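Contents: one structure, followed by commentary.
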Amino acid sequence: MRTAKTDAAAQATSTSTGKNEQWIDKAKAHLLQNYKQQPIVLERGLGSRVWDADGREYLDLLGGIATCGLGHCHPEVVAAVRAQLDKLWHVSNAFYTEPQIELATRLTAASGLQRAFFCNSGAEANEALIKLARKVQKDRGNADRYEIITFENSFHGRTLATVTATGQTKYQKGFEPLPAGFTHVPYGDLEAVRKAVGPHTAAILVEPIQGEGGVRAAPKGFLQGLRALCDEKGLLLLVDEIQTGMGRTGKAFAYQHEGILPDGISLAKSLGNGLPIGAMLCTDEAGKSLTPGTHGSTFGGNLIAAVAANVVARKVTEPQMLRDVAQKGEYFLTRLRELQGRMPSVVKEARGLGLLIGVELFQDAAPFIAKCRELGLLVNAAGEKTIRFAPAYTVTNDDLDHGVRILERALKS
Ligand SMILES: *Cc1c(COP(=O)(O)O)cnc(C)c1O
């Protein structure tokens, strides 16, 4: 339905008024140059569409990097945030607030874990997991158990501890000395994990699907194997659900595909539909270690972010919403595999679960991502050669078809 319009917009680039360019000149003068940013200035969004400063429309199948699960300006999120804006914004965690208590109630019910701690980002949620694991082992009398096993090619954040947990040296180079207490083993290799467990091991931290690492899922049974190993060795199983949680894979949380219960999980990205909020959820038993004064955050669980997250938590636990995500994801993956069949020398693999999907190419993805944008489609790279799609759960099959058509044109160019 929107195809003609977006294609018309695509042809209008040459006649753009140049507001994008003016802003980008200022950005280059004043912003820290730590990102490879796509050269457009986005101004407005609705559902799976966004518009740039020159009024050009794009199909957004990236959703703020797996963050705007309900789409841009979802009316229920907007209404909840608007109502809260006139009431109260922030009081700190020196006091109780209703939205935060409601959110803890919803997330614990959905996850099977009993305790919730709120922060502002994914990295902070993982920091909370790391501190939790160390403190639990100390409290059990295992003062020597401080090491966290994580995986090669993983991504856990940019703070010093989480970048050390991250199993990719490109994120660590130049920031040494890195904090002690992390070791990396090949993803999906249960025997390697077993061998890495030693007298200092406290916990295992794992992504159910490596998102930044190229949308790579662990082999079936891997999380179950880790759960059994953790039980056998007295370790905590920590699952990084920052990219995969809040309905993204067609379950509320991706570990639920394997029927296990972790000791702790981290959430962020989709949790606030674009407002900054993270969470660490854990078992009642583990949570006992973080006693008053041991951890905290000034902004964590702030009322504005919490009311947005409550709408997300309510909607992404509705069975119909989860079925939609699973069905749309299967539909999209099928279309992408057909595309692979048409272009087997360009597309190496299309993979993913629910609405977290990667298309791996035989070459660097960056030029094709730029071409997609020129044709009116927003995506990004996960790893060097993989194009990542993380559309809103409200995306239509028509939008997904349109995305595949643009991708095909970009790959043929
Ligand atoms: C994005 C991401 C993080 C880091 O989240 P920030 O909010 O950027 O700190 C950590 N782990 C995973 C799996 C992620 O996808």
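Just so it is clear, glycine is given a Cβ too, placed from its N, Cα and C backbone atoms.
Please treat TrEMBL annotations as automatic predictions, because they have not gone through curation.
Keep in mind that what you see is a predicted model, and the values were worked out from it rather than measured.
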Pyridoxal 5'-phosphate binding, same site as GLY122, ALA123, ASP240, GLU241, ILE242, GLN243, THR298 - TrEMBL member from PHE155, PHE175, PHE332:
PHE155
Where the criterion is a Cβ under 6 Å from an atom of ligand 1, which of the binding-site residues ALA123, GLU241, THR298 meet it?
ALA123
Chain-internal residues near PHE155 (pyridoxal 5'-phosphate binding site), provided their CB is under 8 angstroms and they sit 6+ positions away:
THR166, GLN168, TYR171, GLU207, GLN210, GLY211, GLU212, GLY213
ALA123, ASP240, GLU241, ILE242, GLN243, THR298 filtered to the binding-site residues whose C-alpha is within 10 Å of ARG158 (N(2)-acetyl-L-ornithine binding site):
ALA123
List nothing but the largest Cα to Cα distance in Å, as a whole number, among the residues GLY122, ALA123, PHE155, ASP240, GLU241, ILE242, GLN243, THR298 that the record says bind pyridoxal 5'-phosphate.
25
If we count other C-beta atoms within 10 Å, could you say which of the binding-site residues GLN243, SER297, THR298 has the fewest?
THR298
Between the recorded positions ARG158, LYS269, whose Cβ has more other Cβ atoms within 10 Å than any of the rest?
LYS269
